[in-house]
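See structure below.
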Amino acid sequence: MWRKVLWSDKTKTQVFGKCEDSLATPLPYSSFTSSSVFARAYGAGYAKLNRKQGAGGWSPLDTNRNQWLQVDLGSRKQVVAIVTQGRYSSSDWTSKYRLLYSDTQKNWRPYLQDGNIWTFEGNVNSEGVVRHELQHTILARYIRFIPVEWSREGRIGVRLDLYGCSYWADVISFDGHGVISYRFRSKKVKIMKDVISLKFRTTARDGVLLHGEGQQGDYISLELRRASNTINLHNQYGSIQGHTSVTSGSLLDDDHWHSVVIMRYRRNVNFTLDHHTQQFRTNGEFDHLDLDYEISFGGLPVSVKPSSGGRENFVGCMEGITYNGDNITNLVRRKKVDTSSFRNLTFSCAESSSVSVFFNSTSFLRLPGQTYSDTLAVSLSFRTWNPNGLLMYTTLADSWVELGLTEGKVTFLMRHDTKKLRIDISSGSGLNDGLWHSVHLTALEYYAMLTVDGDEASTVRTTIPIYIQTGGTYYFGGYFLNTNTGSVQRSFQGCMQMIHVDDHPADLRAVEQGLIGSFENVSLDMCAIIDRCVPNPCEHSGRCSQTWDTFSCNCNGTGYTGATCHTPMYQQSCEEYKHQGKSSGSYWIDPDGSGPIAPFRVSCDMTEEKVWTTLKNNLSPQTSVTSAEQEGKAVLQITYNVTDEQVLLVTSSAEYCEQYVAYACRMSRLLNTPDGSPFTWWVGRANERHSYWGGSGPGIQKCSCGIEHNCTDHKYYCNCDADLREDAGLLVYKDHLPVSQVVVGDTGRAGSEAKLTVGALRCQGDRNYWNAASFSSPASYLHFPSFREETSTDISFYFKTSSTHGVFLENLGTTDFLHIELRGSVVFFSFDVGSERVELSVRSPVPLNDDQWHRVEAEKNIKEAVLQLNGQYREVRHSPPQGHTKLEYYSDLYIGASSGQRGFLGCMRALKINGVTIDLEERAKVAAGVNPGCQGHCNSYGMHCRNGGTCVEQYNGYSCDCSLTAYDGPFCTDDVGGYFETGTLVRYDFPPEAGAVALREVKSLSSVGVPSEANLTQEQLVFSFSTSSAPSILVYISSRTQDYLAVVLRHNGTLQIRYSLGGLTEPYTIDVDHRNMANGQPHSVNITRNLREIRLQLDHYPVSTYTLPEASDTQLNLVKSIFLGKVFETGQIDPILIERYNTPGFVGCLSRVQFNSVAPLKAALRSGLASPISTHGILVPSNCGASPLTISPMASASDPWYLEAAGAVFPFNEDKTSEDGVDRNSAIIGGIISMVIFTVLCIMVFVIRHMFRHKGSYHTNEAKGAESADCADAAIIVNDPAFTETIDESKKEWFI
């Protein structure tokens, strides 16, 4: 990491460590050279920090990017920092620059940082001093300073110094034959810990760097393969073999020094190549690496086993070879190590004879060749990432030739425009892989040959029917002169070397000195190729591909998305899916978001108020426990479809977890209670052993029956310990779950039998999703320790506020900065990249201070920065190419106010940084002006409660109260319905008005509202049905007067609504004649009345409006009961209903029946609801295939029956009723009374049929029922106390 520090020119060098010597200032004038000088007083030797001699610094003759200043340090040095000034008392300075370094003044290497050729920030005036600490130490003798930008008022100017210290190491040259054999002190060693380090330099892409092997098959090797480093570890442990191979780095054949450090402890390995460390664990089961005799460096030893295969020895140089503390290179110099295989052992590194040429998109190199020759011969080596580019172009006497790269293949193209001749051949494939590839082209009078990578067998030949006559000029890398040729101008970006023209090597030194040829924007003696895919910038195993300028990530199949595969595709939990309106099912979840643990599939059960997450295992229920496998015990392994880390993510964030276990036994003891050692135990998380069973807890060696004191044999704490029955229950201590192994120990006795069940792991809730804090003051804040920023950083959270401004969070570092803020309807995200500040903003079309939940997601990576609001409004900005190092923030992370700014007011929850949940609640407990938790979830999520469901606030979320609806489920969307067979009816009775107060005092109130009888001027009836039979009564609402409301199906299947409210001689009827509704299809009905206006909607047809006559009353008085499917009622009932529609009754499905706030069918089907409901006949639960309801029920505000004390039970005297609802003591008397009443009532039907149509009043008393009757209908009435009434003497009573 580099830091920029400004000093005055009088400040002396500050010492930050041991390696802090001034390296440039003590050097003589002659150690400084340059590309040019403006004048003698501006010479390179005057470019020393704080010096005023000469013109006070170096300035070149020309001010352009081709200038350089070079420092010869005299020998290889470690350089750790650079300090620069402008030229003394002038307008000349360098504002940006780059560094190159080399050991030989050839093969220059640019200083890289964060995977880029690094550009340093320089000076802004002539006297200020700017210092940069180098993130990676430079080891070199020569340093070149390359100006990139400079003073606008003057010229390039610089004074500088380099800081570091001396460096020395023994260097050994390897020629491909010599191998260093380091022999151990003992013939055979068992090595638990290895520390191996070395530096190497080579131009070869393959070669063995080190190798050690044992007779039993263990070995360790480090080798170059295709210019990458591969470490191989193999071990043999009994019959278990483990082989591990890990590759790191690329382009290692660049003739630069590369460092390798291997640290192994048992099976854990750190593999470091050029500052990049890979940590891995070897395969197999071993602690020691067994090696025999020796370990070799530079190749395979003479005693190599055939299993090692034939591999090339290393060609190049090594230095600083150490093995477990022994300096091997020093031992070689002291002749303490066998080097007999070397032909000529040298302690120096020879220079490479090849000269590289570096081309960018605006470069070309022009070289001369023979003129009028009948042979065209060109060869070169190249390396690039681009699939296309122009390698060479030349004109012939009457045609032109192009050698290029097309889609990774080398192509030869010859065009003769006059003869309309085109010759096109290609060879090779995938040649844009960054490796060196050679090309040789020869064209004669009759044929042309193209050879790639020296493979003569694959040489491509073609005939040429024209005479070859060379033009004498060759362009490499690009051709930018105006010509009339048809050449496709494709710039080559990459490196070339070993360029030959007419079979003679090109003299690039002469080109550089201007003696021959010419060039533009070409860098000689340098190949600045960068592998942007090593290390892989694509996270979560994304696949990287690259061109010369950039890289791209293929995230398919990773579970992540974004420019670097950093952004998770899936939600963090089932809880989050629920609040997106999802229903139960199988989902992928990613609890740690962008963290390292991959997403996984779980089952989400959302049918209850709390969401269940289920992880299944491989053990079938009632698995038989077979004979003992080890040490007299049977071991059953339980595996899950997820890893241990993934399970831990679920359990750690859950509010509650459980796992069902059952042990069915016959002569197979379980825990050996009360005092013995357990025969059976189970293994849970962290491989811990537990000896308690389902229904018990940690440290209690009991089963469920032992806890509840109901074991079959009270002497034991488990049923199976008495060799009887079964022990089952739930394991609920989530820190021990899940069960991964069960060891059963008592199955060896004669007749022993055991069956084991281990259910799925089920967890409930997600504490991270609801982890929240409320900020009540603009000065309040939470602070957390600094976090280390990775190359990719993401922050996400939910917020809601009524304020228009406030800082969400901020992290201030020494020079680095991260900030998210709300300003009006805009969210801002700003951060530093290097010296540049980037700011993104997203504007919401709606106000953000609406006290609704909004989500902010911010991410920055090495390719782009993204800010997203509410999952739909986003801004994407390409990141600057530099500055994406892993930065340390040296301040706290502030949530809320910081630095005197106005902090956030409102609630924030589910704050995550890089996949880690920030615990707002815990920190809020000790922070002033901040409270844990957050209320008001219903403002944002209440719309998910459908069909009239009520949103209920909870501390960590919300729930939907469906008690006043005809629906069930977490969002009140599940239909509740039933299938009615012949004669089935459901009756719901309203309490008398006099009893309403008493009902409100009943403690065990139902969740379904039970209002008392009332006089209604408005009501709403909603239901769905399906049937194929008619006629029938669908719904009948009776009263204690002669008022009623009925919905019936007539004989032809059409619908009729009948209102009788008094004032009219006949009921008011609405006939829907346009369609047959007894067609077996589901239909929905919505009837709403307000005074005289009646609105009717059938299915999805438009609403129809009807008006009651003026003579009609507007009140439905003293509502008594609701009947579904059939009517059995006392009092005068419209005879037309009875004669035409009541027999045999409704057959079909009814669902989602609701009359104002009463849902009678739901009350009948939910046994847990205590309500005044009775069902006769067979009623089978079914949703009847009904389509979703589109008309919402009447709002509670306009519902005259809506009671805050929701629900009551219908009163009856428990002292007079047995468990099955029949008074056994009065069975005989009841039977006689039943016969008499039935006979009398049947006669009365015909006598007083048209009498007493006026309104009347009733008072009721409870009567005793009977056990039998002459007909089924009579039996229903006399057996149900709610159906029996005594008749006032002034009135007559009848029933059907």
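Glycine residues also receive a Cβ, built from the backbone N, Cα and C atoms like all the rest.
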Of the candidates CYS907, CYS962, CYS972, the one sharing a disulfide with CYS934 in TrEMBL: CYS907
Sequence-distant neighbours of CYS907 (disulfide bond) in its chain (C-beta under 8 A, six or more apart): ALA772, ALA773, SER774, PHE775, PHE799, LYS800, THR801, CYS934, GLN935, GLY936
Stretch-level contact, the domain 'Laminin G' (771-934) and the domain 'Laminin G' (354-527), CB cutoff 8 A, at least 3 pairs: no
Number of other Cβ atoms within 10 Å of the Cβ of CYS934 (disulfide bond) across all protein chains: 26
Stretch in 11-165, 171-349, 354-527, 529-566, 989-1184 most in contact with the domain 'EGF-like' (935-973), if contact is a CB pair under 8 A: 989-1184
The domain 'EGF-like' (935-973), counted residue by residue under DSSP: helix, strand, coil: 7 helix, 12 strand, 20 coil
Residues in the domain 'Fibrinogen C-terminal' (565-617) grouped by DSSP into helix, strand and remaining coil: 5 helix, 18 strand, 30 coil
Integer average pLDDT (0 to 100) for the domain 'Laminin G' (354-527): 89
